[in-house]
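Asks: Pasting the relevant annotations from TrEMBL:
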{"type": "ACT_SITE", "residues": "147", "note": "active site, phosphoserine intermediate"}
{"type": "BINDING", "residues": "97, 372, 376, 413, 414, 488", "note": "Zn(2+) binding site"}
{"type": "BINDING", "residues": "97, 208, 210, 367", "note": "Mg(2+) binding site"}
{"type": "COMPBIAS", "residues": "266-278", "note": "compositional bias 'Basic and acidic residues'"}
{"type": "REGION", "residues": "262-284", "note": "region 'Disordered'"}
Ligand SMILES: [Zn+2]
């Protein structure tokens, strides 16, 4: 009997007579893999297939009772579910930037494999959410959106154009003048106006598209500091995103990166004093960190930039926290220095502990912001590890809050052109290679990209990766089309919900519906119908779209349904079902 190592991912395989026999059977039966078996990989495939089943699953999964009882338990738990129609005291909003469904599934497998499981059967924390829907992500002007347009949809409730933040589609990308009068406010502001505490936690700079949309209005997502703005925009009265962090909404907790947009040009960074690119960028000479601190005099407010000081922040006695751990975006989780920077789990925990002291509750946006950036670089390892860390942050969020009073949402803003392909064996590394080779007699990775920097075709041939370790953090998966950076992709994204009114997050909806449904559930913003004190009076929703203000105007005896149909058709139709 011959022994050999076939795939360094997982299995030591035995080539034996049985596999040859099975190969012949499949050949006779015209199995769909037949063409591949007829090539050299046939015996390898079968032995590996057998081995995987025998090694990992035979004892339980071969028994039909395993699947029946598993399904029956699931059925019972679904039957036992009770509709939670409470008013949400808290909203915990987890946004995985670029966390499309392929990323979600692949990260689930990785999470399990990091715990020495086969992975496919692993239950992520986000898998446990009882309500699932899909959101259509297109923007007003593009079939495939960016994070600014999508954030304006799911945070402000209004779809808009690519690259713009907190303004409607009447505004034009990069045109300051078009921004005026077209501002739309976000659920973060609506929650603050309702007396809740509010916060943002991100792994990117806090001025980046997703967090910025919660507090800023900008005709360009790239106006991080005044140095990033064209003179004309400044002349026309537009202000940079970093300065709006202090101006628009009184945000209780701000955690992420982005120090360099807060300090005057040339200011040395405390962590990288010798690195020129990390130095302050502001041309207006303002030090927004100092300004923030002086604005909070009389309150317990901490600004921190390293883990030691962060750990020393006592959430029980802290009113305000600004934590900026890097000059720009935070490091990828796989490259994070645990002595210098906290994980997304730790930042999520600190934020919740500070915010939840408010008896009126809180709104917290937690962004896993670098899933997207890893995918742009064609680095699946990084994207998946970021997603796994994000899932642990969600688990921490659930641990610290109560399902009866906290609406927790997990969603992505848009997807990426990463594909999950081939016929990898059960339990094979998600970052590994297909056991069945392509017609060029070369293996390929299970995860690949439609476009991106991983395009390496020379003389019509793909690279031979037989001896390449594709599971390293720096490995760039093959892409079909060469682009410097992988684009986004346009398929729908998953929306997962748990807690009060979680059942509103079902079906296939426009992405801007999310903000309306969250606001309804928590009784914030213009929609007051779910509020304990709601009367038959009607609400005028126009301020949400036109004036940038979120005050509620109660207008006596106006026709309710006509007003609602134009804004919240989806919400109305879903509510009428319950
Ligand atoms: Zn992106």
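Glycine too: its Cβ is placed from the backbone N, Cα and C atoms.
As the structure is a computational prediction, the values presented were derived from the model and not from experiment.
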Asks: What residues elsewhere in the chain lie close to the region 'Disordered' (262-284), defined as a C-beta under 8 angstroms and at least 6 residues from its ends?
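Replies: Counting only partners 6 or more residues beyond its ends, the region 'Disordered' (262-284) has Cβ contacts under 8 Å with 224-228, 242, 305-306, 324, 326-328, 340.
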Asks: So which other residues, same chain and not among 97, 372, 376, 413, 414, 488, have a Cβ within 8 Å of the centroid of the Cβ atoms at the Zn(2+) site?
Replies: 98, 146, 147, 150, 371, 375, 412, 415, 416
Asks: Just the number: how many Å between the Cα atoms of residue 372 (Zn(2+) binding site) and residue 210 (Mg(2+) binding site)?
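Replies: If we compare the Cα positions of residue 372 (Zn(2+) binding site) and residue 210 (Mg(2+) binding site), the gap is 11 Å.
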Asks: Where ligand 1 binds, which of the binding-site residues 208, 210, 367, 413, 414 are close by, with Cβ under 6 Å?
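Replies: None, as no Cβ falls under 6 Å.
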Asks: When the Cα of residue 488 (Zn(2+) binding site) is compared with the Cα of each of the recorded positions 147, 208, 210, 367, which one is closest?
Replies: 147
Asks: Should residue 488 (Zn(2+) binding site) be counted as helix, strand, or coil on the basis of DSSP?
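Replies: DSSP call for residue 488 (Zn(2+) binding site): coil, neither helix nor strand.
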Asks: What whole-number Å value do you get for the CA-CA distance of residue 414 (Zn(2+) binding site) and residue 147 (active site, phosphoserine intermediate)?
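Replies: Rounded to the nearest whole number, the Cα-Cα distance is 7 Å.
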Asks: For residue 488 (Zn(2+) binding site), what is the tally of other C-beta atoms lying within 10 angstroms of its C-beta?
Replies: 22
Asks: Would you mind checking how many other C-beta atoms are within 10 angstroms of the C-beta on residue 413 (Zn(2+) binding site)?
Replies: 31
Asks: Show me the subset of 147, 208, 210 whose Cα is within 10 Å of residue 413 (Zn(2+) binding site); these are the recorded positions I mean.
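Replies: Within 10 Å of residue 413 (Zn(2+) binding site): 147, 210.
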Asks: Is any of the recorded positions 97, 147, 376 within 10 Å of residue 210 (Mg(2+) binding site) (Cα-Cα), and if so, which, in sequence order?
Replies: 97, 147
Asks: Same chain only, sequence gap of 6 or more: which residues have a CB within under 8 Å of the CB of residue 147 (active site, phosphoserine intermediate)?
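Replies: Non-local contacts for residue 147 (active site, phosphoserine intermediate): 97, 98, 208, 209, 210, 221, 372, 413, 414.
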Asks: Mind giving me a neighbour count for residue 97 (Zn(2+) binding site)? Other Cβ atoms within 10 Å of its Cβ, every protein chain shown.
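Replies: I get 28 for this one.
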Asks: Go ahead and report the DSSP secondary structure tallies for the region 'Disordered' (262-284): helix first, then strand, then coil.
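Replies: Within the region 'Disordered' (262-284) the tally stands at 3 helix, 2 strand, 18 coil.
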Asks: Output, ordered by sequence, the same-chain residues six or more apart from residue 367 (Mg(2+) binding site) with a CB under 8 Å from its CB, or 'none'.
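Replies: The answer is 94, 95, 96, 97, 200, 201, 202, 203, 204, 210, 211, 256.
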